[in-house]
Amino acid sequence: MKNLKLFSEVPQNIQLHSTEEVVQFAAYDIDQSRLFFASSANFVYALQLSSFQNESAGAKSAMPVEVCSIDIEPGDFITAFDYLAEKESLLIGTSHGLLLVHNVESDVTELVGNIEGGVKCISPNPTGDLLGLITGLGQLLVMTYDWALMYEKALGEVPEGGYVRETNDLSVNCGGISISWRGDGKYFATMGEVYESGCMSKKIKIWESDSGALQSSSETKEFTQGILEWMPSGAKIAAVYKRKSDDSSPSIAFFERNGLERSSFRIGEPEDATESCENLKWNSASDLLAGVVSCKTYDAIRVWFFSNNHWYLKQEIRYPREAGVTVMWDPTKPLQLICWTLSGQVSVRHFMWVTAVMEDSTAFVIDNSKILVTPLSLSLMPPPMYLFSLSFSSAVRDIAYYSRNSKNCLAVFLSDGNLSFVEFPAPNTWEDLEGKDFSVEISDCKTALGSFVHLLWLDVHSLLCVSAYGSSHNKCLSSGGYDTELHGSYLQEVEVVCHEDHVPDQVTCSGFKASITFQTLLESPVLALAWNPSKRDSAFVEFEGGKVLGYASRSEIMETRSSDDSVCFPSTCPWVRVAQVDASGVHKPLICGLDDMGRLSINGKNLCNNCSSFSFYSELANEVVTHLIILTKQDFLFIVDTKDVLNGDVALGNVFFVIDGRRRDEENMSYVNIWERGAKVIGVLNGDEAAVILQTMRGNLECIYPRKLVLSSITNALAQQRFKDAFNLVRRHRIDFNVIVDLYGWQAFLQSAVAFVEQVNNLNHVTEFVCAMKNEDVTETLYKKFSFSKKGDEVFRVKDSCSNKVSSVLQAIRKALEEHIPESPSRELCILTTLARSDPPAIEESLLRIKSVREMELLNSSDDIRKKSCPSAEEALKHLLWLLDSEAVFEAALGLYDLNLAAIVALNSQRDPKEFLPYLQELEKMPESLMHFKIDIKLQRFDSALRNIVSAGVGYFPDCMNLIKKNPQLFPLGLLLITDPEKKLVVLEAWADHLIDEKRFEDAATTYLCCCKLEKASKAYRECGDWSGVLRVGALMKLGKDEILKLAYELCEEVNALGKPAEAAKIALEYCSDISGGISLLINAREWEEALRVAFLHTADDRISVVKSSALECASGLVSEFKESIEKVGKYLTRYLAVRQRRLLLAAKLKSEERSVVDLDDDTASEASSNLSGMSAYTLGTRRGSAASVSSSNATSRARDLRRQRKSGKIRAGSAGEEMALVDHLKGMRMTDGGKRELKSLLICLVTLGEMESAQKLQQTAENFQVSQVAAVELAHDTVSSESVDEEVYCFERYAQKTRSTARDSDAFSWMLKVFISP
């Protein structure tokens, strides 16, 4: 669905030597982009194609040409002409048989051969190694570029005595013979005469180029003009012939390499027998076929296009018959057509493909004098199918469509120079026009309109167009008869007036009048016109080079500014469209341009470098574009938010729009992978349709619904509270229904639940919605890769926790159903669904509703209205069973203690009666409390079971106790329900026994005390090591003095064995009166001050001496340990600094070699291992394993883990984690808080005993150790984050001095006695 548009036309004139001289042949130099023309006067003219681009718009002047004369005999003339790129020379054949090579640069002509009968056709092989030549005698010669003849063949098949063309019959225009090569040069086709049935006919022959073998030939036909054109891709050979016994116009037929005809089409209307085809040319892309058709009063250049097994006439350009126009395609540019006339007027026309689908998704496909109209919003109907058609008086060249403000108009420029207009009815009535054909009259115009190149509606009564005047083909335009002296290109406004009243629901095809109201000469070519939707009666005009200017109706062109910067595309963009976007509440134009290299620019800035097509999508009805649709050459369809483009959030350049196949899952889901290679975006369906229309290379249409557009449409519908539209979108595109709730938060949805239910107005759909609810935010999970543009009030922007989403939403839906929807069976089933799908399911409430319906049925109520408004109980129950697990429903029915209901549930769930009837019958025979108890036990409702069994009576107390013992959480409730004091004591004792089993001895002891089980309480206290509790219970048990003393000795030993010598000392002193034993225990507990106090209390010298000797011994041992620890601190710090220095050097080396540190094996490291000591009782030794002890292997067996734990006290020298392990060990050597307290107690004890020297020595040694450890840790911490280790900066002595001077007053050194602190 595309049309071929002429977007640039540059005519120029060759200044010939005489008026009688005419241009006859042309050749193209691909390397230097030159055209060579040979005239009837044997002159050769050379033109540079770049001169066409440098000329001003529509300038008609003599071109600068290079002229050379071919020196041949009088009476001889040029009959064949071509350019040999390999020799950089022109190859010329004459009527007398001369074969000349003319070097263009040196202007030297060389005779290379003389052909008998004259040269009729010359055709070089596309691969540049062979040359085909046809003589005037009908002989085929194939030679090399060295002029060596490879073979000679006869083209015709004329028997003896048949007619043979004389050599003097050779002329320029005799035609009849040609050579056409396949694109790869392996085969070529010729057309030769055949004498058959007494008359001369022609047939196509296909030859193999290397051997000259005849591969195949066609049937004999009445081929005209000897036209033969092999498609460059090699698929088809085009030829022209007239059908036998048929007076209609000739047909263009297509043949395969095997000589069989594949298809054909007529070049004109069937009734027009005066038309004939003079020339055929394929473009380099093999998709366009251009031909010169000679009509009764004019010659026409026609361009055909093939799609969906149909040939479309896409362009027709008329010339006067006397002009003798000829065409050729630019070999390097598939859409550039070069035309020249006999008088030397050369025109270069640039075509472009434009989508036939307009902004409102209506397709207008041009086919000759018809326009095929299809509204794609009604049906995806690929051409040549259509809804209805419009017929015109001549071929259609260009169209412009207007669809705004309830007006739908079409302006059509015809090949005869006339304008036609059509006004359509409202689009919703177009279905009634199906199959109709409307004949459109030309408009009345009294002025010369010229040849339109661009056409655009400004408003419903005004057209803006670019028109060319002065070209030779203007003489064939109907408006060319009006006197005008205009030359060049003009920008002009055309006023359109309709003198007939438009009839609603009808197509208006006549009564229009056009007149030029404004006209201004253009100094440079206009390449595109685009309507400005943000400003009334205005447009944007693009000039050559990409400069974009603004135009207001009936005014001069004024420079357009966007953010105070001129809009100028980086390159010329033939495809220009303007989108109206919303920029913070202000509508602004977004000017998009696409050049022929695939560069897409927005407001002059490059957005994408590999774009193949683009379009706009609007989710609103106010023509504000919300998304930009980009299809790349990689066949990825991107959906870009226009707000991101305005804010600059979209990455510029083609990097953003190229997807790495290995990372596609990680990319933002804003693109769609198009499965058809080479497909193009031809249009979109705006609004809630949210569709992108693609046309594949095969011609069929595909409509896709990108998820991002669909979600955007849903968001927009929800923002406008259009719940039904949003629901239908979700349902149609299989979007998760939770989107409706999650987009703006489920709490916001609760406020709109009534509107949702009323708008959807379909209980089956509401049920479907309810069943889809789940406790998660799908915008953060399933659709987290899509960005949602939230609209509406701020209340809708609340995002909530999903913990109770389902229950809250379904409750709101249920309330809306009950209050705003009339009673009906469907409503009741929907309500049951909301209960069943709640989280957790409200099964009991659902069963109660069903139970009430069943009771109503059993009562045989006469309220028929009530019966009709509810489903039957069986239907409701089956619906509930369909939603939920039948076992859960059966258990819930049992939980209601309704055995009849449970039986009905079991029957409807298709359970075997043998499974449930005996059980239900057994329950029915039980007392009510016992039945409830049995049911509660089955359902594991133990609290209710306990209440029921207690209410069953005293006789069931053993069952009560069994239940409580099996479910210990019931003990508190049991104590509350059981009022008998004796039975309460039984419950308490059982509870305490349970606590003993749980190893909760202290709680068990307390519980035993509550039930007066003192002996068990004493054992419980003893188990938990609470000697005070044991002795308290012993007093309650009224034990004797000896028994208490014995118990105290036993407890003293047990407590000491548990590692609590201080508490054992307390028992020995207070209960056993063992002074010596108590002091020894205090010494073991390192409670030096308390031991000395007890010794002084009992004034025993021997005991004081024991304390003194123990204190001195401990002080001596600590001094030795602290000195050893100081040495280890120095050792670890030295090793750390060495390792750190080596690591830094290696890292620098690896960085220079661009290698990773992880891959390096430190071969220079030592293999020795350093073991940690236990250090002293006053230091904290870390037992964490270093990273160095962890193997780099991925295998992690349990045995290896255990082996690592055993080796966790070691540091492997040279391992990757040695640095941090050394730092961790230095930190682990710090003094603990308990050690500091015990050290201070020892110092005070020594001072009290008069051992000041020992105390001072101990304090100084301990201080030195602590200063060393703190300084070493600080030094290591500073070097970890440093990139170098400077020995002067990171000096241990400096850190130690700093620590000693600043840290003495800190809490860490509060254990020190001030009297011993050195200055």
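Numbering starts at 1 and runs along the chain as displayed.
Every residue, even glycine, has its Cβ placed from backbone N, Cα and C.
Among the features that Swiss-Prot reports, compositional bias 'Low complexity' is placed at 1188-1197. Residues or ranges marked as compositional bias 'Basic residues' in Swiss-Prot: 1201-1210. Residues or ranges marked as region 'Mediates dimerization' in Swiss-Prot (evidence: similarity to another entry): 884-1319. Summarising the annotation, Swiss-Prot assigns region 'Disordered' to 1188-1215. Feature annotation from Swiss-Prot assigns repeat 'WD 1' to 73-112. Feature annotation from Swiss-Prot assigns repeat 'WD 2' to 171-217. Annotation source Swiss-Prot lists repeat 'WD 3' at 272-314. For 316-339, the entry in Swiss-Prot reads repeat 'WD 4'. Marked as repeat 'WD 5' by Swiss-Prot: 521-561. Annotation source Swiss-Prot lists repeat 'WD 6' at 640-685. Taken from Swiss-Prot, the feature repeat 'WD 7' covers 1265-1302.
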With DSSP helix as H/G/I and strand as E/B, how many residues of the repeat 'WD 1' (73-112) fall in helix, strand and coil? 0 helix, 24 strand, 16 coil
What does DSSP give as the helix, strand and coil breakdown of the repeat 'WD 4' (316-339)? 3 helix, 13 strand, 8 coil
Three-state composition of the repeat 'WD 2' (171-217), taking helix and strand from DSSP: 0 helix, 27 strand, 20 coil
DSSP helix/strand/coil residue counts for the repeat 'WD 7' (1265-1302): 27 helix, 0 strand, 11 coil
In the repeat 'WD 5' (521-561), how many residues does DSSP call helix, how many strand, and how many coil? 0 helix, 23 strand, 18 coil
